[in-house]
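Look at Swiss-Prot and you will find 1-53 tagged as region 'Disordered'. As annotated by Swiss-Prot, N-linked glycosylation site applies to ASN8, with the evidence given as sequence analysis. For 31-53, the entry in Swiss-Prot reads compositional bias 'Low complexity'. Marked as transmembrane segment by Swiss-Prot: 77-97, 115-135, 153-175, 185-205, 288-308, 322-342, 421-441, 447-467.
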Amino acid sequence: MGGRRGPNRTSYYRNPLCEPGSSGASGGGHSSSASVSSVRSRSRTTSGTGLSSPPLAAQTVVPLQHCKIPELPVQASILFELQLFFCQLIALFVHYINIYKTVWWYPPSHPPSHTSLNFHLIDFNLLMVTTIVLGRRFIGSIVKEASQRGKVSLFRSILLFLTRFTVLTATGWSLCRSLIHLFRTYSFLNLLFLCYPFGMYIPFLQLNYDLRKTNLFSHVASMGPREAVSGLARSRDYFLTLRETWKQHTRQLYGPEAMPTHACCLSPSLIRNEVEFLKMDFNWRMKEVLVSSMLSAYYVAFVPVWFVKNTHYYDKRWSCELFLLVSISTSVILMQHLLPASYCDLLHKAAAHLGCWQKVDPALCSNVLQHPWTEECMWPQGVLVKHSKNVYKALGHYNVAIPSDVSHFRFHFFFSNPLRILNILLLLEGAVIVYQLYSLMSSEKWHQTISLALILFSNYYAFFKLLRDRLVLGKAYSYSASPQRDLDHRFS
């Protein structure tokens with residue numbers, strides 16, 4: 001009694017949070033302060049392995065107290081799309097200045113030019129198609145706002161119908177007229193280059209659909225009756241994929257309205273299901289950011305250059321630099337809109353419930369008590385479990401993640417710190433602004449000076465909003481850190 005345990009003495013422990021009914025309990029709101037059973041497992045220790053059994057306090061599941069962040073103003077979707085469209089038009093305008101600039105400051109004795117641009121060299125049909133492609137999100141937001149359902153007055157319904165009809169008719173007529181002119185003027189290769197990004201759009205955003213397995217482009221004449229029926233079914237599956245992809249794309253256009261919610265529960269299976277849904281939602285938002293930014297940079301920087309005559313000189317290095325600036329700036333602006341502060345806080349709450357595991361060398365814990373991992377248990381911090389012939393140590397307050405699942409580890413790594421996304425965006429946007437300021441001070445050409453000065457304004461606004469969200473979230477989490485430490489000390 002009170003002596004040191006021998007190597008053959010049996011250790012007893014209770015399964016962590018596996019009491020009946022514990023897996024189905026759930027809580028609401030922003031906290032999960034329901035009474036949680038503590039786990040006290042005795043374990044053998046050894047001084048030669050370098051790894052000791054965690055203390056009793058480390059094996060007690062501490063209730064999570066989620067931080068309540070203030071409600072930050074969210075920009076309306078139609079205003080955001082107007083702002084993004086305006087920034088893209090500015091970038092397109094400065095690129096046309098780079099391509100079609102003139103020597104208007106020369107005296108009349110030199111080659112005369114009364115305007116700052118060679119307007120007679122600009123193809124306005126190509127400019128119209130490029131403008132419509134860049135403004136597709138803004139046009140879609142107008143149509144969505146004009147298609148709202150509900151009880152509205154007769155005058156308002158007529159006004160919404162006329163707005164929707166006018167926008168769609170004007171856009172469709174302008175696009176068809178410009179495309180017909182381009183078909184008559186340019187070769188098939190040029191038109192293929194113009195429409196190339198849309199050919200990659202659906203395959204990039206498809207919903208777990210493998211085009212290599214469908215053989216959609218096989219010859220119909222070589223198919224028998226059964227193959228024809230199966231090919232028709234595959235084509236229907238393909239069009240279903242297109243429809244679902246377009247629905248997801250249009251849903252992601254309006255980030256704040258489609259914001260998911262957090263279910264603060266104590267069921268391990270429900271927590272993992274919520275994390276899977278949030279992973280899918282986050283991946284969709286990142287795909288939308290990547291595709292939209294690359295599409296904007298493509299039509300701003302590359303399309304005008306491709307249709308320039310071979311005898312026309314322009315600064316190729318500046319065109320490539322503009323492509324990078326537009327792609328990075330558009331990515332940051334879209335991520336700031338699709339990943340607001342409330343969404344970062346939502347991902348952080350889910351990561352706190354999910355927990356994380358660290359793989360441990362079995363040779364260092366051979367004499368330490370190890371529990372077999374079960375999916376219906378909520379494991380406390382510091383406990384050792386066996387899973388897939390490996391040993392893992394629990395790191396979070398709640399640990400319901402699958403130890404061998406790399407996606408769960410990545411989710412907890414990225415979102416365990418609620419400020420990580422905002423910090424990355426701030427560093428990226430700050431680096432772009434510093435580079436633009438350096439280029440602005442060192443530039444000697446008038447068109448580059450105008451271009452950098454105009455593009456800087458959009459980056460200033462995005463940097464201000466990111467800095468505001470970062471400061472507010474940082475203050476909120478710093479205030480909630482001390483009560484959480486007091487709660488941890490009380491449970492220990």
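Cβ atoms are placed via backbone N, Cα and C, with glycine included.
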### Query
Any residues 6+ beyond the ends of the transmembrane segment (322-342) with a Cβ under 8 Å from its own?
69, 71-72, 74-75, 80, 83-84, 87-88, 91, 94-95, 98, 252, 255-256, 259, 285, 288-290, 292-294, 296-298, 300-302, 421-422, 425, 428-429, 432, 436, 451, 455, 458-459, 462, 465-466, 469, 472-473
### Query
Counting only residues 6+ away from its ends, which parts of the chain sit with a Cβ under 8 Å from the transmembrane segment (115-135)?
85, 88-89, 92, 96-97, 100-102, 104, 171, 174-175, 177-179, 181-182, 185, 194, 295-296, 299-300, 303-304, 307, 309, 312
### Message
Checking distant contacts: for the transmembrane segment (153-175), what same-chain residues at least six beyond its ends satisfy Cβ-Cβ under 8 A?
### Response
128-129, 132, 139, 142-143, 146-147
